[in-house]
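So the structure is just underneath, and the comments pick up after that.
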């Protein structure tokens, strides 16, 4: 739907992802976060799935100016069709999507046998899941798959889409992940110590989305936080438990049997064996950054600046004897 401020909204979330990519390219940070981004359904010629501009694709295109291989991981409950479509024919980007598939679930794409084409053949991995998957089953699949992908593909940068509609109790979702289980995926990807762009995505039970991304921010910055929520003007929205990790499990039966998960994993591993390890890129001129950082205004640490250019707070007694020595003259005791 069209709403007032649509262009500004798209400009802001896309610009934030673009800025995060630029900061990673310039090694200003190791991890960049944009929870407003991650809108993975938008296509080049159409809006789709409440998404208008695909900030993920734009961010990855910026990363490709400096990084020969970018790995895209999607843990939203919906298939990341817009990102897959954008990079379906290239080996410069490997897309891995864990999502609900079947029974006409939106967007209807993401079959295990969608593997890419031409130069991108086998550089597209889809992990189709059934209703009710829980933390243990998800971890059983996620960690070995991502470990093998990183080992085969050797990415120089990772983009992680953290859609929170894969949590239990989501209004549009049918999975059974807890906030801790969702966060384990983020923590595992972070453990590879590869430059990381972390983005938001879907999520339609807003209070749980806020909890999830708050918790995952704490994991990304290595700052433990309390399970008790601090009081704020929004405190009442987190009733009745007012905690960071409420029980979000549902009565949906886990239809992902161990046999089904092992079959998916085996198929994915066989596809990975078809890859050429770590495709390279020929030497070429690096295009200019869309968002440039001008470092000419920063002082040269090797040059001592003049007194006009160098100022800092001066304590009242810094250059004389005591707090009450107001004449600022050195008093020598004999």
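For all residues, glycine too, the Cβ spot is worked out from N, Cα and C.
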> Since TrEMBL lists 76, 78 for divalent metal cation, which candidate among 135, 151, 165, 170 does it give for that site as well?
Replying inline: 165
> In TrEMBL, which of 247-290, 291-334 is tagged region 'Disordered'?
Replying inline: 291-334
>> Quick check: which same-chain residues outside 76, 78, 165 lie with their CB within 8 A of the centre of the divalent metal cation site CB atoms?
In response: 77, 99, 163, 166, 172, 173, 201, 202, 203
>> Test of understanding: give the count of other CB atoms lying within 10 angstroms of the CB of residue 76 (divalent metal cation binding site).
In response: 25
> Cα of residue 78 (divalent metal cation binding site) to Cα of residue 41 (active site, proton acceptor): how many Å, rounded?
Replying inline: 9
> What same-chain residues, at least 6 away in sequence, bring their CB to under 8 Å of the CB of residue 165 (divalent metal cation binding site)?
Replying inline: 76, 77, 78, 172, 173, 201, 202, 203, 204
>> Over the span of the domain 'Histone deacetylase' (1-218), how high is the average pLDDT in this prediction?
In response: 95
